[in-house]
Amino acid sequence: MNKDVESLVPRSPFKAFPMGVDTSMLVARTRPLATYTIIAINVVVYLVSSVSRGFLSIAPDWLGRGGFVPVLLAADPQSAYRVLTAMFLHADLLHVFFNMYFLYVFGRPLEGALGSLRFLLLYLASGVIASVAHTAYGFLQGPYTLVVPAIGASGAISGVLGAYMMLFPGTRLSACFWFFLFPICYTMRAAYFLLFWFAMQVVYGYVGVGAAVAFFAHAGGFVAGMALLPLAINRGRHVILKRYAQLSQALFGIVFASGSRVPWGLGRASKTLLSLLLFLMLAGASYVYAFTTVGSEQTYIVELETTIGDMVSTSHVILIGENGELAPIGTEALPIASRIVFNRLWGANLIYNPGLSLKEFSSDQLVVKASVPACDRVYEVPVRIVSLKAKYDENGLMTRGSGLIYTQVINIRFEPPGCSVALGEPFSASFSIRIKPSGNLESLESATSAASLAVTLLALVVVLKLDKQLVIVG
């Protein structure tokens, strides 16, 4: 994958390779049209969005226009469409393949149990709630998470997994993963496999493992699938499938060799661990709701569009007030080209400069030096900007600007215990920049954390009180 895109998008969270689940005899004998349609749409969108990259990875312009950027919900409510578009965009071939494979494996039996329309609604609702959870817990992880575009169907598919676990915890799931060049295969109860997967999302989310993976989006989608399942159940179909499963177990005697019967439902150990994980989710959402994690000073959202040849990339940075000054947050998440452009403009005091308050100017050619920190030092990098146009507000903050920038790349070589810096090859790009207030981040923080709390509490009730009523294959 191109490195400009790689730092911005999550990998597929589905690492094991499930070979199949034994629910075929219990689902309706109808074609799972919703599952197949979702897969087809995702594949077509991936082909269209990656054609300029030889179908190897998503094009930056698609990522910039359709990726879900949490901070934009406060800055521009009209960007809420990204919640849906992000669900149908994928980073690369492996991302879309594993997501669609898991949807194929787990989506078909779930759709058979719920019906196509109810399945589709649960799928979409889980994806939306996954974005809400990603935003809420993003305030715990820092502003960086709030400006990184998130894409992929993982959140919605996680909802499918959560609902599947409640309906079919006792199905046998065969899965394989690669250990170097050797496949390791195993068979276990679906509840154990999915519970382990959910635990990894929660734990990794809190410890911050893998910044490119939206762990809390996956966890939030999984929780949503459990919480919404009672609302999505087709009562008549559910009764028939459950009676058929009970009859099958009575006839064939699903018993361990020791003679102890398989637990009906999740089982005490699984339910206990699942409840603990949900309490961990509740603790994080409660903290975000009770203690605001954003500063009270004004914050701004920077939208930077960078063009090199026919490649256009749109990225975002947060500017946060600190002691009367502004500081950029999230530059490390920018694609390389956008990062260079932003760092040069910022280092040349062209983005924020109180001495330029209320000024509007244009320049055919502006030659300046940009102060760029690297290896615990500040280096002066030559910058030339052609056809510069810029407008500043009363605080000296650029509200909009554009131009063609020429500079040099900084090459950093790490040589323990330190590093060395040298000016590298020439770099040029066209840019367009817009900066506006980020909106009320505290309100966004409160709303998303409250919604996450409500959904997680509902999921906890479902797990503790309704698991035996919902289960079809225990």
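Backbone N, Cα and C atoms are what each Cβ position is placed from, and that goes for glycine too.
Here's what TrEMBL has on this protein:
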TRANSMEM  33-59  transmembrane segment
TRANSMEM  79-107  transmembrane segment
DOMAIN    79-231  domain 'Peptidase S54 rhomboid'
TRANSMEM  119-140  transmembrane segment
TRANSMEM  146-168  transmembrane segment
TRANSMEM  175-200  transmembrane segment
TRANSMEM  206-232  transmembrane segment
TRANSMEM  272-291  transmembrane segment
Contact check, the transmembrane segment (175-200) vs the transmembrane segment (79-107), 3+ Cβ pairs under 8 Å, seq sep 6+: no
Top partner of the transmembrane segment (146-168) among 119-140, 206-232, 272-291 - counted as Cβ pairs under 8 Å: 206-232
Surrounding residues of the transmembrane segment (206-232) on its own chain - C-beta under 8 Å, 6+ positions past either end: 6-11, 13, 114, 118-119, 121-122, 125-127, 129-134, 136-138, 141, 144, 148, 150, 152, 154-167, 198, 278, 280-281, 284, 452, 455-456, 458-459, 462-463, 466, 470
